[in-house]
2 protein chains.
Amino acid sequence: MEMIDLSRYTGKYDIETVIDGFEKGTVKDGDTVEIEGMIHRIRAMKSFAFFVLRTQRNLVQCVYEPSDSDKPIADFKEEDSVRLTGTIKKDDRSALGFEIHINSIEVLSSPAENMPIVINKKKLDCNVDIKLDYRPLSLRNPHERAALKIVDGIINAFRSFMHGEGFTEFVPPKIVSAGAEGGADMFEVDYFGEKALLNQSPQMYKQMMVGVFKKVYTVAPVFRAEKHSTSRHINEFEGLDFEMGFIDSFEDIMAVEARFMKYMFDYLKTNYSPELKELGVELSEIPDIPQFKFMEIKEIIAEKYNREFRNPNDLEPEEERLIGEYVMETYGSPLVFVTHYPSKKRPFYAMDDPENPKYTLSFDLLLNGAEVTTGGQRIHDYQMQLDKIKSRGMNPEEFSDFLMMHKYGMPPHGGLGIGLERLAMKLLGVDNIRTVTAFPRDIGRINP
Amino acid sequence: MEMIDLSRYTGKYDIETVIDGFEKGTVKDGDTVEIEGMIHRIRAMKSFAFFVLRTQRNLVQCVYEPSDSDKPIADFKEEDSVRLTGTIKKDDRSALGFEIHINSIEVLSSPAENMPIVINKKKLDCNVDIKLDYRPLSLRNPHERAALKIVDGIINAFRSFMHGEGFTEFVPPKIVSAGAEGGADMFEVDYFGEKALLNQSPQMYKQMMVGVFKKVYTVAPVFRAEKHSTSRHINEFEGLDFEMGFIDSFEDIMAVEARFMKYMFDYLKTNYSPELKELGVELSEIPDIPQFKFMEIKEIIAEKYNREFRNPNDLEPEEERLIGEYVMETYGSPLVFVTHYPSKKRPFYAMDDPENPKYTLSFDLLLNGAEVTTGGQRIHDYQMQLDKIKSRGMNPEEFSDFLMMHKYGMPPHGGLGIGLERLAMKLLGVDNIRTVTAFPRDIGRINP
């Protein structure tokens, strides 16, 4: 019997520690360091070679000059996993401020074949299908993986913000019974011979949890069996959802989201600047976020951009784009709230505006001209919810689990859902949502 | 046009702020406070009533003594959502050290009917099926919800620990293609007319991501179409998974998990003591965690407890229980690592022990006598993985996406998976895993 040694695997070979030390002056020119990584690129010269090492967040130039007893340059391969000892050489031309002269190097693992795609140029030069076919490889490209690192940053920011605001995380179910939301655009699951569905939103569950913890959030997959294949839709995405009780107005929800956006922008700027730089993204300061009523902004846009006023129940993608343009130009804000969407276009649990029930106490948040959030106040009164379900020709009996909370008492409440990948896409300004999705699923793809 | 007001909904009415202030002395006897919550229990006396208010984490006793102009006591209902202004009265008999004498009270929302189950006694007095049928209500019971709050704590601890150790979070896919792991015990999804499956583990994806970020983790649902219905199985659960590259040994993984366990125990003790107290759980200090080889501990247990030595490839539940007992007795540890499981019982990606290939470089972690984690080193060499797949009679072509990473180079790596609900169950010592699952799915239940 022995006891586990807690000091194992504590970042001893991480170049990230060295970089940090070099910036702070605790690691200096001439110091010896031990690091590990994969050989991203080999540039062989006559008597030496540059090995560019790929570590978890960086590329580090290393110089290998073998003596007679060493492994010859030709024996190394790109994508070898290595651990090496080397000497720090200050070098102002390098992005890190130094390169490493290798004293000894050990190959821990070596590939069986050469890469089928070129991952060690600045950017991948292949179309999106090839990128996705070779996802485990294409993501090794520093530009490609930077987008996924930002996704990690957004999730981290969301959770730490919500936790800091006193929200409780819960895990919603993904397999749900057939009745729930009617079944349109939902994937069917064979559940021990019975028909079940994959949840398209944690909506009902987070409302239920408001009666339990007052303020709740969840980070969970949602599934949409929508047949369209566009650059901004995937069929399985990650929802960042919260729901909160005892609100005075749906503007309470907007305030929490506005605070989150500021928090997230700051969080990314502080902790993810290497990746933002790699992606060429500069995050602006967020000023106060302007808000417009749905009809108001539609009229402004129609007039300003000389567009015919049409589709009175919805915003067209082109309209959203123009709103983004207008708000950036006028208020310097990449973000804008559009409120009071028409009741017809909002779900049955949305609270209508008592001042004008054709509209709802709801909002979308647009980022750089596209919707990234939908939210609003929900109905908490049993009779009101029952009436609205009936008025839509839906069957209240199918919603008995949902209506249970209303019947036995719920505080006024509301919340929102953010599509993680959509948010990342708009934040980074990439033109395909698959770029910010590790393993995207669409109508033509469930591999790898 | 207006700008969103960021100061909205910032916990002004949270009793939690008052409790904190009372402990620190900034809120005192005689102070006036404004709070909100649901009326958990009404105890009506002749001229006044006790309203026990349920807030997001607490029960607070309030005294309501209506004057002639006030709403009569009989007009209030349990589960009313209220906001009130009251005076702090120091009271040493109360758990919080005070009660609140109501000056004015507003009912924000009122239930349509009385509760169908009694949620305002100390514990729910109904069987597990009733509890689950009425989940949105039964979770309002403070004892019931405390278990879910601990689940929130475990997720929080896991993410903040992994993030602190430099791991990158990623989102694995849930819908996967038919070939992946053979399809046994997997749910089938109708994916636009094609057969797809719900992932039973993020295993292959987290290995792929090691080649990208070196150290990764994910918090994601996994699905198991296992037909048994027991108190410790559910068919959809949340996996806490990590995977790490450049390991020297599978013991590196165990060391990270041991650090996590210490971190989590401390985190819960610091931040979740009201819930631990409610549940009657005292978390011990974790000493160094002992580790035993599979065959070694089997022999110890057989001898010590006078059991026949049987089932040489697996631990029986009763054996796990006895191991827990033995280790607690001998080392005072609720945790124990069992290493070197037989190759036969481990999956095709497990690395065999080069010293004895009948066993693997793998481990389970047992908590209070039951497995809560399975982990180990994985095969990183292409040929070795190919051979093992073939030797098991599996078809390498079905694993081409998986084998891609091996073929083009992977560092030595390994990782583990923790079942969130199983961990919570063993930590809290509850006898049914459904107690720590918000909306459990089993062979007989996909509602609510």
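Every residue gets a Cβ built from N, Cα and C, even glycine.
Bear in mind that TrEMBL entries carry predicted annotations, made automatically and left uncurated.
TrEMBL lists A:ARG224, A:ALA225, A:GLU226, A:GLY419, A:LEU420, A:GLU421, A:ARG422 as binding ATP, and of A:GLU257, A:GLU275, A:GLU278, A:GLU371 the one it places in that same site is A:GLU371.
Looking at the stretches A:71-74, A:203-206, A:435-438, the one that TrEMBL records under the feature region 'Aspartate' is A:203-206. Neighbour density at the Cβ, taken as the number of other Cβ atoms within 10 Å, is lowest among the binding-site residues A:ARG224, A:ARG378, A:ARG422 for A:ARG224. Most other Cβ atoms within 10 A: among the binding-site residues A:GLU226, A:GLU421, that distinction falls to A:GLU421.
Between the CA atoms of A:GLY419 (ATP binding site) and A:ARG224 (L-aspartate binding site) there is a gap of 12 Å, rounded to the nearest whole number. The CA atom of A:LEU420 (ATP binding site) is located 12 Å away from the CA atom of A:THR374 (L-aspartate binding site). With a cut-off of 8 Å between CB atoms and residues at least 6 apart in sequence, the same chain places A:ASP185, A:MET186, A:PHE187, A:ASN235 near A:ALA225 (ATP binding site), listed in sequence order. Of all the binding-site residues listed here (A:GLU226, A:GLU371, A:GLU421, A:ARG422), A:GLU371 has the Cα closest to the Cα of A:ARG378 (L-aspartate binding site). When secondary structure is read from DSSP and collapsed to three states, A:ALA225 (ATP binding site) falls in the coil class. Long-range Cβ proximity for A:THR374 (L-aspartate binding site), meaning a same-chain Cβ under 8 A and a gap of 6 or more residues, is found for A:SER362, A:PHE363, A:ASP364, A:LEU416, A:GLY417.
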